[in-house]
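Student: Found this in Swiss-Prot, in case it helps:
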- 334-349: compositional bias 'Low complexity' (COMPBIAS)
- 110-187: disulfide bond (DISULFID)
- 2: N-linked glycosylation site (CARBOHYD)
- 15: N-linked glycosylation site (CARBOHYD)
- 1-36: topological domain 'Extracellular' (TOPO_DOM)
- 62-73: topological domain 'Cytoplasmic' (TOPO_DOM)
- 100-113: topological domain 'Extracellular' (TOPO_DOM)
- 134-152: topological domain 'Cytoplasmic' (TOPO_DOM)
- 177-202: topological domain 'Extracellular' (TOPO_DOM)
- 231-252: topological domain 'Cytoplasmic' (TOPO_DOM)
- 277-284: topological domain 'Extracellular' (TOPO_DOM)
- 310-349: topological domain 'Cytoplasmic' (TOPO_DOM)
- 37-61: transmembrane segment (TRANSMEM)
- 74-99: transmembrane segment (TRANSMEM)
- 114-133: transmembrane segment (TRANSMEM)
- 153-176: transmembrane segment (TRANSMEM)
- 203-230: transmembrane segment (TRANSMEM)
- 253-276: transmembrane segment (TRANSMEM)
- 285-309: transmembrane segment (TRANSMEM)
């Protein structure tokens, strides 16, 4: 084995070097230079300083503006809640540990950080699935006329949390475990070891199939059908400027949704899968650290894609920020009316 396994950790360096120490007790500067840990801390500070205001502002604006309390917007707010969880319980901890060069909070802190980060990421992922299914049902009409109501929205939100807990909770109860990963400053599920006491292999397979491959397949299918439906509608109404505009907006939103998710999470999932299927292979700490920390950026641009590109949310945000005045000069009332019409037709909401 080209790594060192200890109690509640796996360091991707052989102990034959004589350098390996517990990531809960000693700085891991033999894995990366101290300045690289400081760069990591700076990156996380950037995500915190941007992600918390954007996600927090989404929640504040929704609370202030009754017109935003539409069923579909509840799912968008759920995304902001997920992002806030990742920032408050994941990024802050990792920022602190990166400054120190090791996971100073111990195994219990590692389990809590890994759980909260996984929970936030999974809530966001399954929120996207609910959005995809809602758009598919409303636009493609496989069930005929369908109105997305508040009860549907709350059921969808409950579904996202149930699925997220089904993924994040098992390592807390003995099915796999959370251990430091990459540069040993953040924690995630144990892809690395074959410890029979934790049944890591069955958990990782379950997680990949049920909490990555399945939701990605649903997103691709539903948005693929959505684009085809919008294109067909545009072809039948070529003189309709509103339909053509709707096609462009939906296509742009679909591209941003799909690529935003894939860009954030596919590198991490790919590297984790490679490590899982090549246990004992030689790899550096940065090989896992880079995609792991890059995936955290989703907490920043998720609200940009799913909220700031929504005219209704954007105008209300600007009104809140500028104390009741919208510097863009958009008519908020007409925007709300347009937004409501688009939600029930072919817009990306």
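Just so you know, glycine gets a Cβ as well, placed from its N, Cα and C.
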Student: For the topological domain 'Cytoplasmic' (134-152), how many residues does DSSP put in helix, in strand and in coil?
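Tutor: Within the topological domain 'Cytoplasmic' (134-152) the tally stands at 10 helix, 0 strand, 9 coil.
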Student: Looking only at the topological domain 'Cytoplasmic' (62-73), report the model's average pLDDT.
Tutor: 84
Student: What is the number of residues in the topological domain 'Extracellular' (177-202) that are helix, strand and coil, as DSSP sees it?
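Tutor: For the topological domain 'Extracellular' (177-202), the helix, strand and coil counts are 3 helix, 8 strand, 15 coil.
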Student: Which ones in the same chain are close to residue 15 (N-linked glycosylation site), with CB under 8 Å and 6+ residues apart in sequence?
Tutor: 4
Student: Just the number: how many Å between the Cα atoms of residue 187 (disulfide bond) and residue 2 (N-linked glycosylation site)?
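Tutor: Cα-Cα distance, residue 187 (disulfide bond) to residue 2 (N-linked glycosylation site): 20 Å.
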Student: If I take the alpha carbons of residue 2 (N-linked glycosylation site) and residue 110 (disulfide bond), what is the distance between them in whole Å?
Tutor: 23
Student: Which of the three DSSP-derived classes (helix, strand, coil) applies to residue 15 (N-linked glycosylation site)?
Tutor: helix
